[in-house]
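Encoded as structure tokens, the structure appears first; notes follow it.
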Amino acid sequence: MLQSVNFFTSSFSTLVHIPKPSSTTRPRLTTLVTMGVSATVLLTVLSLLILVDHFALNYARREAQQRLQQLSWQMRDALNGAVRRATGDVQLLSSLPGVRAARSPAEVRQALESLQKTFPDYAWIGLVNPQGVVVAGTQGELEGADVSGRSWFKQGRRALYAGDASSTALAGQKPLSGAEQWRFIDAAGPLMDADGNYRGVLCVRLSWGWMRRLAQTMLAPAGDQQYSADLFVVRGDGTVMLGPPGSEEHQIYSDSLTMARGGASGALKETWADGHSYLTGYARSGNPADPATLSWAILARQPEEQALTGARALERQILLLGAILGAAMALAAAIVTRRLTRPLNELSHTIEARLVTTDALPTLPAIQPVDTFHEAQVLSRALAEMLRNEQHHLDALRGLNEKLESTVAERTREIARKALQLERALGQEQSTQQLLQERAAELRAILDNAHDAFIALDPGGVVRDWNLQAEKLLGWKRSEVIGQPLAAMMLPLPLRRAYERDMRQLAESADGATTVLSRRVELALHNRAGQELPVEVSLAYVPRSSGHLFIAFLHDISERKQLFASMEELALRDTLTGLPNRRALMKTLPEALQRANRSGQSCAVFFLDLDRFKQINDRYGHEEGDELLRQFAQRVRGAVRKTDTVGRLAGDEFIVILEMLANDAAAQEAADKLLPALRQPFTLKTTSVTLSASLGIAVHHPDDPQDIEMLLGRADRAMYRHKQQGIQQRARR
Ligand SMILES: Nc1nc2c(ncn2[C@@H]2O[C@H](COP(=O)(O)OP(=O)(O)OP(=O)(O)O)[C@@H](O)[C@H]2O)c(=O)[nH]1
């Protein structure tokens, strides 16, 4: 039963299609807007931070690299300047008359020492004679020493030369005053007299301490503020000449070194052998083609993290500032949003309050307009208008509801009626179903007890049903054949093809089905043992919704066939003598003629007729006559070959068919043998008789026409002539 619906028990929210607000699951507009604005502000600040951070770091890195590059250039220029000054001083000395035309070593020494005073970092200045022995040296050092093996002496003989002197080169000699750790820069050049004659080699030895001080000055330009960078001066073989503690006298490898050696200058970021990342400025001093210069690499490096210290500090400041700014903006957004959405909130609260209080009231409460800003004003007025409309609709719906209730009641009664009808129909359906089941059981029983075998086939020739009689007749159990193709199981091969063709035709044409199905056909099937079984089949066609069905009743006709065969046998036998009768002879004789034609060997027909047989009948009675006929037949049968045919034509007339004759005379020979045998006495029941028979011969040659009437006629006429001769002979006697 359907329940009627009262619209006026449902709530106002249902009528105006506004679902009741769920404050626990749905966030308020204020919250959403505040969260949205805050998230936007935070995202903006964060993006700005990332961008500023990225650009600040890149800028700081570039700045640091430029500083380091400039540092390497300054060091390079300082080294070049020092070497130029030393070689220039060698040239200056060689041009001084006090040196070129000195009369004593003391005079030379004086000139040398006055030069040393102008630049205290000259550790030693000396003049060497052409043999390589120091003639004069500042403070008398090394005078008399043999320096012919030194590079600067060998190179300085030919042209201006600059090179470094290691401690090993001075091994075994006392260190020069002011020298630092046995390391110097040597500048040497030839000394020529006024006439251009070679007078020896001048050497200026620059202390390494000068270079170290220069490096310190560069790294601490303001004196108290140390620039946290390392300076490397690297000789051509990669050995550090000047560098941070622990690196000197060791070889280094880096990309910047390779670049500097190639003559390039610049700055890059690279990882050094200690695994740290450095920014490195690089440059090369001197010129490899000029022996008066030092072609060394100058590297200025700074750990990347140190180079970016300032940028990192800026990064932290921006982060802090951004966080404060973001929080402030989010707070501001929340305040502004709250103020903006306040009218909407008021409207929402008003509606919620109405929704809660007016559920069961027939009249809807009014909505007060909100005038705070335009959109809220429009919204509140629209809602108020909508509510007025809804009130009209409510009134209309009330009327409709009353109509609907009566309609629903009517429909409910209608449905109850239909349900009752359906129930009855179902009851009928059940009884029909039961009837059908009973019919099916009856049919099954009929089929199983039927005298004939029953087989049902689907359109594909597959067995669908098989009764008990079919099991007995053909040998297969029902369970074995259901679902199997019939033809493959029990039809001989030639029949199977015809069967399949017929099945196809039946399946394709309904007309074909009726023509085939209206007939009874005899078939020879194979049973389970493989024996041939003659059956008479009557077919029926059962159309169904899901594919038609062929049903066949098979009747065993073995007995009928045997009876028919024995009747046919009887019809061809003479009942008195047991010999083939006239009908049989009329079938046998054409076959014998055909065989003669095929084999090419003649055959012959004897026409035999008993002489005066009527008298036997008349004198001794018919029974004795019959007996005589029987014995006569046996005697003829015994006097010819087994392959020859002996038959009784009628009364006392007999026919003998002789086949496979070697020649025409053979027939006569057979007759000559037969006739004497027939003249022997016949012992009957009451008496013994002797008689004769007349015999006519007709020979059929292979090429003769196949005319049995003509052949029998010839034999008959010959017999007649023979009989006439017999009569005449008896008359003469
Ligand atoms: N007992 C007996 N007699 C038969 C049978 N069929 C025919 N006959 C008799 O055989 C006799 C045949 O006689 P015919 O054909 O006149 O000739 P026939 O007496 O032998 O004289 P010819 O042939 O001229 O020598 C008839 O009297 C028939 O009744 C039979 O089945 N049994």
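Glycine too: its Cβ is placed from the backbone N, Cα and C atoms.
Unlike curated records, TrEMBL annotations are generated automatically.
What TrEMBL annotates here:
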- 387-414: coiled coil (COILED)
- 439-510: domain 'PAS' (DOMAIN)
- 519-569: domain 'PAC' (DOMAIN)
- 601-733: domain 'GGDEF' (DOMAIN)
- 29-52: transmembrane segment (TRANSMEM)
- 318-336: transmembrane segment (TRANSMEM)
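Within the domain 'PAS' (439-510), the DSSP-based counts of helix, strand and coil residues read 44 helix, 11 strand, 17 coil. Long-range contacts of the transmembrane segment (29-52) within the same chain, counting only residues at least 6 positions beyond its ends with a Cβ under 8 Å from a Cβ of the stretch, are 318-319, 322-323, 325-326, 329-330, 333-334, 336-338, 340-341, 344-345. Nonlocal intrachain contacts for the transmembrane segment (318-336), taken as residues 6+ away from its ends with a CB within less than 8 angstroms of a stretch CB, comprise 33-34, 37-38, 41-42, 45-46, 48-49, 52-53, 56. Within the model, the domain 'PAC' (519-569) shows a mean pLDDT value of 86, rounded to a whole number.
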